[in-house]
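Q: After the structure tokens below, expect a handful of questions from me.
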Amino acid sequence: MNGDRKVYIVYMGALPEHDYSPSSHHLSLLQEVVDDSGESEALIRSYKRSFNGFAAYLTDEEAKRLSSREDVVSVFPSRELELHTTRSWDFMGFYQPTSVTNLPAAGGDVIIGVIDSGIWPELPSFDDRGYGPPPAKWKGVCNGGTNFTCNNKIIGARHYSGTGSARDLQGHGSHTASTAAGSVVKDASFYGVARGIARGGVPWARIATYSVCGLTCSSADVLAAFDDAIADGVDVITISIGRRSAVDLDRDTIAIGGFHATKRGILTVHSAGNGGPDPATTASVAPWLLSVAASTIDRKFESKVVLGNGKIFTGSSVNGFTENGEELPLLYSINGKIGCTTICQPGCCDSRLVKGKILICDSINGQFLALQAGAKGVVFPYVELDTASVVSLPAAGMDPKRFDAIASYQNSTKNPVAKILKSDTVTDPRAPAVAFFSSRGPNVIVYAILKPDVSAPGVDILAGWSPVASLSDDPNDKRQYHFNVLSGTSMACPHVAAIAAYLKSLHPNWSPSAIKSAIITTENVSDPILALASADFAYGSGQLNPVNATDPGLVYETTTEDDLKLLCHLGYGTSRVRVVTGDNNISCPARTSPTAIKDFNYPSIVIPVPPKSDSFETGLLRTVTNVGSAANATYRAEVVVTTESARELKIQVKPDVLCFEYLGEKKSFNVTVCGGNFPADPFFASAALIWSDGTRSVRSPIVVYTLPPM
């Protein structure tokens, strides 16, 4: 049947409210376009629980014919997505009960849906001792496959066509799930390194796992997981998977799933991606997603190399090996072997020469050859010193200066020897700083929406791990352990999802946008992250502050009307917006522009300016809701400049005092930003609007930048 067909996703918006059979309708549509009467074989899956659509094997021509229908929003190929690969909670000052018998009200009823590579249910991070049965609102199932058992911690499991089980064979899903909601595990470590208590941000929360990643992560499976998670009744969705580049929202499965989750009161937290430090690299661009950048914590892994002459060089790695301080011969090159500039090249790493020695390799990947050939250790150059990589044998990464010094010692010494010590952890006073790999803005799809939204710990995070997954990405590394250390926006994302779940437990009636606003407007903005150029495009509103987020004072809420206006301004048109939302009373204005989304009630303010503009003046409307502890509250506005270039701007807030008389009261204000005669092109300026009642500070970034030439 497949032939020259490939998997397409046919997105059809909201489910009709009248009596409707999605699967029958989908088959009838395929019957109209599939040429060889094989519509039943063409259909892979119907999306029918939370929104409308299907995945099917189609030719390009068949897909084109379907896309021309008025009841179809978009048709696009299913793509392979990639995984965006606890001291962190203490670093942020967020302490939680160590026993499930001491929970916040409704705490144990909060369910986090984890869309990832599955989970290893037997890990100590998912121990369910002390938990009661799943909450009554739970509508999901435990369909984890053969030999997979749920418990009162992992209350639901599903797997999809790309995987044969919800059991995690890669480790990534277990790591993200335990970061968000792992149970308390005392005396956790990585082979004795970074020893302490491991726990998720909300260790009392329940987990539902949706396994969409086997060897690859199919976007068709990701959309199916959203369809199920929404209908199953999760409270928050965390997804650390994504594309390498942004696409239009109606072709982005995570944006589509997140949109329908928001309509059902579920916030989706999404990793920003690992495409940094280049600008405009984040693919998490939809306004209804909470997009997360990665930052460092105050714990850093160090590994030392001691040379035979007594000199000690400090580098970076996560080295859990103990070699008892044994000095071993140090080897760099092979004299006389044609084509071998260093010993760590394919065809050059001769086990007869390297066995039992420490090798100096010109690449971190040299450790794989070294282990296979029987070497006892590796020294390699490593410039990504914000992170430490787990190594498959005793090894240490050195900056270029230290690496050259070690190589010089080896070259100038008759019998060079060295020893590599087990890693240790030290305090990093620079934290938090945005990781070099973390994807940056600006938003290339919705220019006036700041992305990423926030930053959170995503560097060298210790969390649960599948015992059958490689600890170091080296197939020859046969060690098995139930914790591992990883870096990525994948690790940052579940930190924010945990806080979203915590806020949901404290404020069960808050909307997704209210929870999102509470997180965004209470961030920490510290000197290390402010030192970045175009810093707001790196860290969003700042570093996650879990404690302040619980009592934000004011929140910016977006309504369905806001979302509809945004879709109209993005050019989707009345008919398509009606299909997406299921509301036939919607009418888009005749004239729209992507840069006209200025009044979207977002907690941050971004003003994109056309290139070579002599001057501009932009007025924006925002509305805040009083959610503080006191009904009577007065907030005063202050505009703070965070870059020197922002002094070229004139920013006014009217009114600059907001007086509230009851909880839930809404107040609107206008922000006017003027500028001109920019000294540089491209131009970037950053400021912040802060509303304060003397106790709480509600901070919204204001970013002005020039759009690239179209």
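Count begins at 1; order follows the chain as displayed.
The backbone N, Cα and C atoms fix where each Cβ goes, and this holds for glycine too.
These numbers come from a predicted model, not from an experiment.
In case it helps, TrEMBL gives these features for our protein:
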| type | residues | note |
| --- | --- | --- |
| ACT_SITE | Asp116 | active site, charge relay system |
| ACT_SITE | His172 | active site, charge relay system |
| ACT_SITE | Ser490 | active site, charge relay system |
| DOMAIN | 7-84 | domain 'Inhibitor I9' |
| DOMAIN | 108-542 | domain 'Peptidase S8/S53' |
| DOMAIN | 599-704 | domain 'Subtilisin-like protease fibronectin type-III' |
Q: Near the Cβ of Asp116 (active site, charge relay system), how many other Cβ atoms are there if near means within 10 Å?
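A: Asp116 (active site, charge relay system): 29 neighbouring Cβ atoms within 10 Å.
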Q: Across the domain 'Inhibitor I9' (7-84), what is the average pLDDT of the model, as a whole number?
A: 90
Q: Distance check, please: Cα of His172 (active site, charge relay system) against Cα of Asp116 (active site, charge relay system), rounded to an integer number of angstrom.
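A: The Cα atom of His172 (active site, charge relay system) is 7 Å away from the Cα atom of Asp116 (active site, charge relay system).
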Q: Cα-Cα separation of Asp116 (active site, charge relay system) and Ser490 (active site, charge relay system), in Å?
A: 10
Q: Out of His172, Ser490, which of the active-site residues is least crowded by other Cβ atoms within 10 Å?
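A: Counting other Cβ atoms within 10 Å of each of the active-site residues His172, Ser490, the minimum falls on His172.
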